[in-house]
Every structure is written in C-alpha cells, then in structure tokens.
Amino acid sequence: MINHKFLPKRIILVRHGESAGNIDGSAYATTPDYKIPLTPDGIQQANLAGKQIRDVVSDSGRVGNWKACFYVSPYERTRSTLREIGRSFPRKRVIGVKEECRIREQDFGNFQITERMKVIKETREKFGRFFYRFPEGESAADVFDRVSSFLESLWRDIDTRLQYDPSDDLNIIIVSHGLASRVFLMKWFKWTVEQFEHLNNLNNCEFRVMQLGDGGEYSLAVHHSDEEMQVWGLSQEMINDQKCRANGALTEKCEWYLDGFFDHLATDSDDGDDGEFEDCSAEKIDS
C-alpha cells in the first residue's frame, strides 16, 4: 500500500480534445507544437468530458463531499481542454490548478516537415516506439524520466501543499497528452517496455480513472471494465493485476512478473542450492 497520510480517491488522466494537428499533420510544419489549437469539435469534446468527469467524481451527484485539483500541460490544446472541462466544476470544488511542464507532449523536434516525419515514424516502428529518439526531440523513455520526476512532486503536493479536508474525496485530474498518459500508467503500475509497446493511444478527451481499491491500491479495474482495458491494449495478465489491486488481493498481485522472467527456472528446490556455490564462511571473507 502507498504510504501517505491521505490519499486522493482518484487520479484521472485526460487526453486533450481534437486539435488542428490531429486533423492535418502539416500544421506542425508551420506552427510550433505547443501552439497547436483545438478544433471546434475538440472544444465540444472537452466540454462533454468535463460533464462526464464531474459525474465520476461526484458519483452522479450522490456524493457531496468531493474536491478536485488539476494539473495541465502548458500546450495550448491542453490548456484549452482544461478551460472547457472547468465549466462543469463549481469554483468551490476546485482546490488547485497547476501548469506542469513535465507532462507536456513528447518533443518531436521543432517544426515537423510532413514527408520527413513520415520517414522518421516508419523508422520508429522498426526501432521500437519506447526507445526511439526523434532527431532534435525525445524518446518515450525520455518522457518516462520526466513523468517519473513529476510523480515525486505530485506526492509532495498531496502530502504538504494541498489544503483540503481529509474527509473530502480528493480527485487529481491530469490534462495531458496520449503518450504522457500511457507513460504515467506504465510508471505507476510498473509495466514493462514490452507491455508499453502494446498499449493503444487514448482518443481525444478520453480519460482513464485510477481509483483506490479495497486494499488501498490504485486500480483501473474499479471504474473500468475488462472489455475497456482489452481495447486499450492491456493483456489478460495486466487486467488480472488490476483486479487484484482493486479487490485488495495483495498476495496475488504481480505474480505474473515472476513468470515473465523466471519461468525457465526449476521449482523443485527450496533454496536453489545445488552444491555449486563456494563456501562463503567468515574465515574466507576475512581472508
């Protein structure tokens, strides 16, 4: 169990609404990535997402004691998404809003020339999506490192900086980008690189709800169905792990990691000592 004085009930990851770059990739050739705006449809998507997220955190209006704190990427499309989401949240419910540079989009390298990016992305597919670093940009592994740093700061905020009544349900809502959200989940749930490679991107304004389960562990399975998680690219083993976290079955959690790395080892020995190791007695150590 995560060892903090008070824990948010939910951490919700939201991808931004449809942007001009999602409709026409050539927009990146003339407009800096961070300045790409939402489309009219993207604005509507964000507005609808705000209503849906409020229904989640308020349990469709049945829970009265809840609060929300927002973190947002500094890009124009995420900031605009947050503004639309915020229309569904009364000001008294919001205890904080923070722009956070470490949850920004993966850096693909300044202006992105369409034909050049097509070749680069084909190379990425051959090399591997997680470790491939864009020329003048980042790899997903680079994003993983800065998202990991953000997580440390997030817990410091929760423990010492956010002012809220512990009796309230606290909801952390992170408005970010598709890859940053997937990397966040990878870091949190300790997914492997291979598992990350199978994950599908979030749709525009789609969100993932990590909610505290019975054993004090966050899980996607509290709010989301097996079918949803399968569509996202989670394997059956990953889904089972989410269920263990949700149900508080801590003794069963993550056993599949052992199978993934040690399935070739014998299991008929108690300690694995087959007599081939040298005697590491005190006398030999002293000498």
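Cβ coordinates come from backbone N, Cα and C, glycine included.
Sequence annotations record features per position, and here TrEMBL assigns substrate binding site to Arg15, His16, Gly17, Glu18, Ser19, Ala20, Gly21, Asn22, Arg77. Per TrEMBL, the feature active site, tele-phosphohistidine intermediate maps to His16. The annotation active site, proton donor/acceptor is assigned in TrEMBL to Glu105.
In this structure, the C-alpha atom of Ser19 (substrate binding site) lies 13 angstrom from that of Glu105 (active site, proton donor/acceptor). Sequence-distant contacts (6 or more apart, same chain, Cβ under 8 Å) of Gly21 (substrate binding site) comprise Ala27, Tyr28, Thr31, Asp33, Ile36, Arg77.
Each residue contributes its Cα atom, and for the residue listed as 'active site, tele-phosphohistidine intermediate' and Glu105 (active site, proton donor/acceptor) these two points are 10 Å apart.
Pairwise Cα distances among Arg15, His16, Gly17, Glu18, Ser19, Ala20, Gly21, Asn22, Arg77, which the record gives as the binders of substrate, peak at 15 Å. Cβ proximity to the substrate site centre (mean Cβ of Arg15, His16, Gly17, Glu18, Ser19, Ala20, Gly21, Asn22, Arg77, cutoff 8 Å) flags the following additional same-chain residues: Ile36, Leu38, Thr39, Gly42, Thr81, Asn204. Spacing of the residue listed as 'active site, proton donor/acceptor' relative to Gly17 (substrate binding site) is 13 Å (Cα to Cα, whole number).
Here Arg15 (substrate binding site) comes close to Ser176, His177, Gly178, Ser181, Asn201, Leu202, Asn203, Asn204, Cys205, Glu206, Phe207: these same-chain residues lie at least six apart in sequence, with C-beta atoms under 8 angstroms from its C-beta.
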